[in-house]
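Student: Structure below; questions to follow.
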Amino acid sequence: MSFLIDSSIMITSQILFFGFGWLFFMRQLFKDYEVRQYVVQVIFSVTFAFSCTMFELIIFEILKVLNSSSRYFHWKMNLCVILLILVFMVPFYIGYFIVSNIRLLHKQRLLFSCLLWLTFMYFFWKLGDPFPILSPKHGILSIEQLISRVGVIGVTLMALLSGFGAVNCPYTYMSYFLRNVTDADIVALERRLLQTMDMIISKKKRMAMTRRTMFQKGEVHNKPSGFWGMIKSVTTSAPGSENLTLIQQEVDALEELSRQLFLETADLYATKERIEYSKTFKGKYFNFLGYFFSIYCVWKIFMATINIVFDRVGKTDPVTRGIEITVNYLGIQFDVKFWSQHISFILVGIIIVTSIRGLLITLTKFFYAISSSKSSNVIVLLLAQIMGMYFVSSVLLIRMSMPLEYRTIITEVLGELQFNFYHRWFDVIFLVLCSCLEIGQCATEIDSTESIQSPPRQITTEDSQT
């Protein structure tokens, strides 16, 4: 009887998660598109539901909600379903919709979809060869074979997103990193843009007048005919044509410069708006959060460096370890086990909520950046694939943030994977990406500063003559 009650609770929560995923699909991803494939919508919503259910089971494990045997059953079932979706269903439909957009393969789309899926399976399986992710006693058809490979891809995605967030967070929220943009800077850049546009107009006028002069002189219509005429037209050219070619090249260069100046002007206006926003109460609040998250990001980068250099993986969750250090330093009586469980629960809850929210925001921006009416179905399925792998990998990594007594069932469900490898792999990708992004950010800041401070080019008499 208790199993039926527990199952009804899990099914109800999955229905709610499915409905939320359905609404997110309708109101965020596909609100600007009329053509919808319901199979895509169902796959996305089911993936979202089972992904969130894994996080729900982590919360239930900490709070001891449901019977332990029921939790273990739903862990196993949920994991099998999500792996079935990520390894078999989503890749097949991605190939199917790709082939459906190719007219030449439209009649044989089922055959070519199977071929694409087999190609995916080959590379997916070969992915596990260079990594020490499995225990030697696992068979080739064991569920650990799928989890380990999904974990490599998902942990890589998590490291990439975390690295980007760690570098981008201070520049986004802290007013300290904002450039000091004044009205004079904007006016100077707008003057450069207007001068460039004037130069483009003047050169196009010169081109039009040159063409009119050539037309009046008969250089356009009086072309020699026949074979020797063709040879002569190739070897010789009218005096004005060479001038036209040079002017056209200058116009192309100026138009490219005008586009860059326009983007720089828009960026200056956006920066000025952020400066004004940072002076408001809400802006000061986010600025304070920016300092807090910046310290956390620096600490995370520092710890990733320590873990890589000393080949270290923590055995105790960060909360328990931090409380133990504080209690030993202050020399006070404190129930470490009791409070570490409650604080770990809050920390895990924050990680889960921020992970889901951050991933949905990132997926929405990514979808609007690259999608179109033809590719939208494929993009949504790719986002579902990324989302599922991200959440499966989150369970692999969040295990370290939980006290030892709560890790047991996760270890039993996931199997004897090499969990230490995934933490090291995350640290390596995270640190490399942070280093590259920081170098790129510094180069961008230097380039933009030089662009603002460079003096505007004046229009010469030659450029302005018509």
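Every residue number used here counts from 1 along the chain in the order it is shown.
The backbone N, Cα and C atoms fix where each Cβ goes, and this holds for glycine too.
Pulled these features from TrEMBL for this protein:
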- 6-26: transmembrane segment (TRANSMEM)
- 38-63: transmembrane segment (TRANSMEM)
- 75-98: transmembrane segment (TRANSMEM)
- 110-127: transmembrane segment (TRANSMEM)
- 142-207: domain 'Golgi pH regulator conserved' (DOMAIN)
- 147-169: transmembrane segment (TRANSMEM)
- 277-434: domain 'Abscisic acid G-protein coupled receptor-like' (DOMAIN)
- 288-310: transmembrane segment (TRANSMEM)
- 343-368: transmembrane segment (TRANSMEM)
- 380-402: transmembrane segment (TRANSMEM)
Student: Would you mind listing the long-range same-chain contacts of the transmembrane segment (75-98), meaning Cβ under 8 Å and 6+ residues beyond its ends?
Tutor: 37, 39-40, 43, 46-47, 50-51, 53-54, 57, 109-110, 112-117, 120-121, 124, 143, 146-147, 150, 377-378, 381-382, 384-385, 388-389, 391-392, 409-410, 413-414
Student: At an 8 Å Cβ cut-off, counting only pairs 6 or more apart in sequence, do the transmembrane segment (110-127) and the transmembrane segment (38-63) clear the bar of 3 or more pairs?
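Tutor: The transmembrane segment (38-63) and the transmembrane segment (110-127): touching, no.
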Student: Tally of helix, strand and coil residues over the domain 'Golgi pH regulator conserved' (142-207) according to DSSP?
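Tutor: Split by secondary structure, the domain 'Golgi pH regulator conserved' (142-207) comes out as 59 helix, 0 strand, 7 coil.
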Student: Taking the domain 'Abscisic acid G-protein coupled receptor-like' (277-434) alone, what is its mean pLDDT?
Tutor: 72
